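Here is the structure we will look at, set down as structure tokens.
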Amino acid sequence: MFSWANIGSNEYLPLKNDRKAYLNQWAKRSGLAIAAICILGILILAIVKLFCFKAIIFPIVGGSFNNGTNVFQSTVIVISLDGFRADYLYRGFTPNLLSLAERNVHVPFLIPSFPSITFPNHYTIVTGLYPESHGIVSNNFFDPVTGKQFVNSMPECNKDPTWWDKGEPIWVNAERNNVRSAVHMWPGNEVENHGYRPTYSDGFNFDTTLREKKDRILEWLDLPDKDRPQLLLAYAPHVDMVGHAFGPDSPELNIIIQEVDIVIGELIEGLKKRNIDKHVNIIFLSDHGMAPTSDNRLIWLDNMFNLSAVAHRDAWPLGGFRGESDLDDEYIYESLVNYSRSSLPSAENWNVYSKKDIPSRWHYSNNERIAPVWMIPDVGWSLVSMLDHSPELEYEPLGVHGYDNLSPVMRALFIASGSSFKNFKGKKLAPFQNTEIYGILSHILDLPAQPNNGTYEGALPLRRNRNSTKEWLLKDIEQAYSKLI
């Protein structure tokens, strides 16, 4: 049964048109180039090359290799650093990651899918599908067809294939095509999906240390050729957990990203000792960023509508509301619409949508598991009620995600190295949405991709932009933070 007192307790754990809109967003920054078109026609080409954001698609390459002892088939390692915001890279605590980014392939940021929450985005990364398509629409949600509730921290949900079979993860396609996979604690890896499981699979365990995760990857790579996996995926929740508990700007956050970076350095050294560091493809990415919370950015729901009308609330910290009946849904929606039109201060900093009116760029309406009424707070704002938070206490957690996936504070990480990415060294890559990762992995492993929402088909886009990635990210973060004051 839904209880407001439990809100947040379990949360610590582009289509072509979208791409065009996104590129246009950055093209607007090139005011000098646009003006020059009108008055300096002879210089148009030069200005476009210097200033404009322009996607040029280049393919990824694959192939086997020999490290001097063993023949390795095309191999890719994907390591997810949950909650690692793109700009964390420039805080001075991650020299190993920064070195990898500077010497290999670095995308300024990876665009998460909406909502920018852990489970939906991890399943998007391995299926190439938007959450509305693969069905894991939040960390917690209700399925009106089965009458069951999904909660990410409940083992029975992670082991029930009926939650996961709307999407086919990359390891299923790999196993079907005789490519061995090894999956460490990735959402969805504990179930049989479309008749397949990973060759090697580790269930989630909060107590597993970063070094144990690193050792597990190297252990798999040390297997004999007949047993060795070509696709390895590993999940690390540590940055996200600390970001929630202490906030994205805390000393504790800087400590944990430093610890993560040290272990990444040890992993790279392990690859070098095996003489495979130049050949094995390794991708470090994240699912979303993190925004700071504040007692000054709370949106109180108590006076907006009768909270007892809510039978299920989904997608914390967002408000996906579902009543016991259609009449309850209508009441909740109309109450929020009417309140939003008032002149009260609490009527600001959020938007209300019916499911059918959710912005199309979020791709978040075409699934029965998506709640009928949505209250979306502005970035950094939190929905609360007297039932789950006392005004006399400091609001927790101190860091939250889930907001608009184009917000600078929701931006994710993408760094890659290895033989398949050699054509991209020294190139300035353009940001892309995480629906593209599936195609990249399929291309590296020479797998026939299943239908997905990616549009680059295993390629990567280049950008033309004079600003450094560091300047770009930090300026956008500064502007985003200025709106929170």
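In case you wondered, yes, glycine gets a Cβ from its N, Cα and C as well.
Feature annotation from Swiss-Prot across Asn67, Asn405 places N-linked glycosylation site at Asn67. Closest to Asn338 (N-linked glycosylation site) by Cα-Cα distance, out of the glycosylation sites Asn306, Asn453, Asn467, is Asn306. Cα separation, Thr118 (active site, nucleophile) to Asn453 (N-linked glycosylation site), rounded: 19 Å.
For Asn306 (N-linked glycosylation site), the nearest of the glycosylation sites Asn67, Asn453, Asn467 in terms of C-alpha separation is Asn453. Looking just at the topological domain 'Cytoplasmic' (1-30), the mean pLDDT is 41. In this structure the alpha carbons, written CA, of Asn453 (N-linked glycosylation site) and Asn67 (N-linked glycosylation site) are 36 Å apart.
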